[in-house]
Structures are given as structure tokens and as C-alpha cells.
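Below is one structure, written out as C-alpha cells, with a few remarks after it.
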Amino acid sequence: MVKKILGRTGISVTPVGMGTLTMGFSQKNLDIEAGSRIIVHAVEKGINFLDTAQYYDTYRYLRPALDEIRQRDLDFPIICSKTLEEGYAETEAAVLECLEQLDIDAVDLFLLHEVRGTEDFYARKDAWRSLCDLKAKGLIKAIGISTHHVDACAEMAAISECDVVFTLINQDGMGIRKGLEPGTREEMEAAIRKCADAGKGIFTMKAFGGGNLIHDYRSCLEYAAGIPGNTSVMIGMADTEQVDRAVEFFSGRLSADYQPDVSNKRLMVDQSDCEGCGTCKNRCVSEAIFWNENGLAEIDPKKCVHCGYCAPVCPVRAIIFL
């Protein structure tokens, strides 16, 4: 796979990255040995870009994987982490936690996690100032945001300190937001172009819409990889099959008739993302969605007919096909 430089950072990444959210507590909840083994496998296969976050609780998989990568003298990967914190001191603590947990002197990319529009970005000005100061001290190489929001992505073009933007986009526009309303893929494409033209490094998430579009595997990746300005597509991976097929696609070796096996997958609500708004429950014609003891949405597999109508209406993309 041919590496490309993320914007003006000087950091070279493969066209596909490995997201670790999928293996974490809110989804597959793999044991540490299994998770770290998949990360090492990804690096062995040539993936050099790994995404994690304080909130994901996946440093526990990365640390033993990175230890083995060092011991075996494999190419050390580029690491991106993120925090939801809003305060200066709390953000500094989040970065220091990352460095300590992963046993690294500096982290390649560190982002404000899940920025919900321009107002949210500016409300987190103290956290942003903390990232700027930590970059100046050499503890972070590049800073930016992750977002599902068109306006937040577009705004970063004008933020001189912003190096990179990690944004959501897929061929169906699933999960894209614009203020309190759904956004479109065309609007996000325009925001990405604006950032890229301003020299920001762009990488993208949710090419499969949280797994809901996985049946269109090839077209999903062709679309995401072909977006002007997009440097890398981050894919959540929780088994070696997912790693191997992604590497094959981005190396031009994926079988023309490849179709992922979804026989054991099911729709589920990521409890760490759900906000209990009820939109999905109102959309479900099978009455398969109910409120659990925490006041959050949950899907009854005995009633679910896998129509998928609930996933597109979720404002926070909490419904995944896993």
C-alpha cells in the first residue's frame, strides 16, 4: 500500500487505518490477548495507522501490541487518540495518560473527540488551548478534531492551529449531521474539500455506516477512498478477516466476487453512544426496540427483522450492525 502524507503534518499513513473501538467494551469486548493479536496482525499486513481514544478504553489492547511490535522491530505505527474532555487540565491529563499507557514519548495525533458543531468546538476552547500547548512542548505531533458534523469540519479550514480532521462520511450519508438536522454526503464532501484546500490532513470514519452498509463492501470503500482530499479510511476491525480483506482492497487484490459473511451479525444499540431520544423506537415497525433499565434503547433480537430502518434515523449513529 502506498502511503500518503496527512496534510502538512509530514506524517505518512497508509490508505486504510485500523480503528480499535470495535474490539472494545461497548462492542465486541475482546480479551486483551485477542485484541492485541489483531493489532499486531494489522501491522504485519502493512497497516501503519491506528485509531484509539481515552473513551474507548482500548489502550489495554494497544500496549501489549506495541510492546511486541518493538520487540520484533516491526515498523512502528502512527497512533491517533482523542478525548471528550472540555477543560485545560483534564485534557492535559488525558494526553499524559495516553503517553503513559502506551509507553510513548509523544503521540502522533491527538484530537478533540466528537465535536458536535462549531458551538461545541468553541465551548471547548480550554481543551483546544491545552492541545496547542502540549504540541508546542513536543508531546503531540499534530492536533485536530473528530466530528460527524458538516459545520465543524468546514470550520476547521479557518483554524490555523488545526492540523487534521477526522470526519464521518459514507456513500449513503448515514450519520452525517448539520446542526440539529441530518447533513448530506455532498455537504460533507464540500467541507472536506475546503479543509484539504486549506492544507488540513483529512481521514474519514464510518465508511460502512457502522456496519449497516457492509453488504456493499466494495462500493463503500471505493466511494470513501475516492473522496477528493481524503488521505485514509479508518475501519473498525475486530478480527483478522476484516484486516486481511481491507488490506486486499487497498492493495488492489480483493476478489471481484468478495461478499462479507453477515450471517452472524445483528443490529444492536451501542449503549455508550445512545442518548435515549426515542427516534429509533418510533421508527421501528416491528416494535423490536424498547427502553432498558438505563433509559436507553435496546433491540430485542426475537422481534427484529433486520430491516435496518432504525439505523439511518439515529442522530448519533448509535445503531450498528455487528
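Placed from the backbone N, Cα and C atoms, the Cβ positions cover glycine too.
As the structure is a computational prediction, the values presented were derived from the model and not from experiment.
Quick look at what TrEMBL lists:
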type: DOMAIN; residues: 265-294; note: domain '4Fe-4S ferredoxin-type'
type: DOMAIN; residues: 295-322; note: domain '4Fe-4S ferredoxin-type'
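Across the domain '4Fe-4S ferredoxin-type' (265-294), DSSP classifies residues as 5 helix, 6 strand, 19 coil. Per DSSP, the secondary structure of the domain '4Fe-4S ferredoxin-type' (295-322) breaks down as 4 helix, 6 strand, 18 coil. On the 0 to 100 pLDDT scale, the domain '4Fe-4S ferredoxin-type' (265-294) averages 94 in the predicted structure.
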